[in-house]
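So the structure is just underneath, and the comments pick up after that.
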Amino acid sequence: MIYILLFISFIIHAVTFIIIKQLIVKLDKPDQVRDQLSEQKKEIEELLAVYLVEMREENDRFIELVNDKVPDQQTYENDTVRQTKHESNENKTAETKINPAPYVDNNKQKASDENLKNDYKPPEINEQDTYEQSFAGEVLSLYSQGYTTDEIAQQLNRGKTEVELLVKFQQNK
């Protein structure tokens, strides 16, 4: 009889230990989830910081480009205005030397001025815009071509986790 009671006691102890272990595992899961969430939060913050820096760089380049274009365009316009004024002054002086006081019909003069304005075409600037793909665009393009995240990171000289995050975010969308 004692053997039966000891056997039942061992079974009860084993069941109790199994239940206690399962409870411990359930209590540890929220801690693990919290740790994973904090890691993901850090990765997202890093990614957003990288995006912010990249956007600032692009904005700075854009501002420099705009600032470089605006003065060039203004000086170009000023030069063309000066040239047309200078040419018109030369034409007037030449006409006055040849014909001291010619009679000019105002209607014809207005029509010829309008024709000159309509005929004038500013020289075209043959400057092609350069197209640079963003970092995220390059990563997604290479990923869609079948490259692994390690290969993409090596090709673009960026971090592996950065590339993985971009791919994960795109897959979640």
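Keep in mind that glycine also has a Cβ here, set from the backbone N, Cα and C atoms.
Here is what TrEMBL says about this protein:
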type: TRANSMEM; residues: 6-24; note: transmembrane segment
type: COILED; residues: 34-61; note: coiled coil
type: REGION; residues: 73-125; note: region 'Disordered'
type: COMPBIAS; residues: 79-95; note: compositional bias 'Basic and acidic residues'
type: COMPBIAS; residues: 107-124; note: compositional bias 'Basic and acidic residues'
Mean predicted confidence [pLDDT] for the coiled coil (34-61): 91
Tertiary contacts of the coiled coil (34-61) (same chain, 6+ residues out, Cβ under 8 Å): 134-136, 161-162, 165-166, 169
